[in-house]
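*Asks:* Please read through the structure below; I'll follow up with questions.
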Amino acid sequence: MEPGYVSFVTALKNQGKIKNRQFALYLSDNENDDISSSLIIDGYDLKKYSKESKFTYIPTATNILGFWTLLCNKVTFYDAQIDFSVPAVIDSGTSFISAPQEGFNEIALILIKLFGCSNNQGGSLTCSCKPPKGKKYPDLIFELNGKTFELNSDAYMGAIGEGRCLVAIDANGEDAYWILGDVFMRKYYTNFDMDNNRIGFAKARTSSAWVSYLWKLMLTISLIL
């Protein structure tokens, strides 16, 4: 949070409404999922929302415009190590993974050159939902303060019709930081621990079904922008 600003969670603690300044966010990845999206203040529920029994905690780093920020040691995609020691913002208000322009260009080059994907008008990437024969779409791997978090292609790609998939990675302009938005947070149940200046991640208990309604929404937004 920005200096001098009293957040909602801090206000609750100051009023004695809660004991701990923390909140946990679970984002459902399917409209028919029996587990709905959830926000828990002053607690969390790993048993209900995660496949793991504990969080992996990462200390927060330099504040960027009031956002929750971590140190990203490196980002790996296919055989390319893209960025080193850059900030990563954790933001549920961002739908996609948003990369610095140079990082996005490297990802786009790999997908276009090796997998036949297309960079469409407006900057959105689309690919055949089935990779070329003998190939597998690469994982997108983030190393956050020495801890590794992976997103496979099912997490960052989604069907939009006629055998095409939208890649939920876009460019963050000239800003030299990554934004890990809903695409990341749907795969990791996230606990924001304000008292201890850290963020915890645990693999989310998500459905394997496609998120057709959400991908259509994302596609509409990307085309508008």
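Cβ atoms are placed via backbone N, Cα and C, with glycine included.
Remember, TrEMBL labels are computer predictions, not curated facts.
Per TrEMBL, the feature domain 'Peptidase A1' maps to 1-202. Annotation source TrEMBL lists disulfide bond at CYS129-CYS165.
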*Asks:* Count the other Cβ atoms sitting within 10 Å of the Cβ of CYS129 (disulfide bond), across every protein chain shown.
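*Replies:* Taking all protein chains shown, CYS129 (disulfide bond) has 18 Cβ neighbours within 10 Å.
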*Asks:* Kindly state the mean pLDDT of the domain 'Peptidase A1' (1-202) in the predicted structure.
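*Replies:* Reported value for the domain 'Peptidase A1' (1-202) is a mean pLDDT of 92.
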*Asks:* Could you list the residues of the same chain, at least six apart in sequence, whose Cβ is under 8 A from the Cβ of CYS165 (disulfide bond)?
*Replies:* THR126, CYS127, SER128, CYS129, MET157, GLY158, ALA159
